[in-house]
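The structure under discussion appears below in the form of structure tokens.
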Amino acid sequence: MSKCRGEASAGAAGILLRYLQEQNRPYSAQDVFGNLQREHGLGKAVVVKTLEQLAQQGKIKEKMYGKQKIYFADQDQFDMVSDADLQGLDGKIVALTAKVQSLQQSCRYMEAELKELSSALTTPEMQKEIQELKKECAGYRERLKNIKAATNHVTPEEKEQVYRERQKYCKEWRKRKRMATELSDAILEGYPKSKKQFFEEVGIETDEDYNVTLPDP
């Protein structure tokens, strides 16, 4: 049983040491646990204990920031880097950053295209839609044919005549309504009762009684 625990600790130590050396930046135990838990399934207690052991063995460095411990790779193991090398690395970072941005832009274009294609009809669906449209179009053609074959068409002249007559009768309607209104108003000036009583006694029926509205000119 103790042998299995020793192998697990050795495996965890190798994973954590390699991770800190590859990343070469400071991490808390919580950061390391969160970054590696999904990939390696290491428990938090194992990560904390292993980092402390590695620090005690001098394989990594440990510093206190407030109440939190920070762990990072021993910098003595890395070669000194000249300013020229740093500038070269900065140039590579800039180039890779630009490449990443370009790839991200391409991904966005492809994702948009994929979304558009996913929402579009498939070939069988388009074929079915075409058949339905052809059927609908044939129905409209048949309807148009029947309309053209009918003998009760209204000619443009007949239509214009109807509009002229309508305009004539509406004009006369307004004229007579205005005359009736003026006449009744003149009578009501000396009439002792209300307008409604006057209309009832005389037998006058108004457009409003039948909810009739005079058409627009």
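If you go along the chain as it appears here, the first residue is 1 and each next one adds 1.
Backbone N, Cα and C atoms are what each Cβ position is placed from, and that goes for glycine too.
The feature domain 'Homologous-pairing protein 2 winged helix' is assigned by TrEMBL to 12-73. In the predicted model, residues of the domain 'Homologous-pairing protein 2 winged helix' (12-73) average a pLDDT of 90.
Here TrEMBL flags 100-150 as coiled coil.
Taken from TrEMBL, the feature domain 'Leucine zipper with capping helix' applies to 154-210.
Secondary structure of the domain 'Homologous-pairing protein 2 winged helix' (12-73) per DSSP, as helix, strand and coil residue counts: 37 helix, 14 strand, 11 coil. The DSSP breakdown of the domain 'Leucine zipper with capping helix' (154-210) into helical (H, G, I), extended (E, B) and coil residues amounts to 44 helix, 0 strand, 13 coil.
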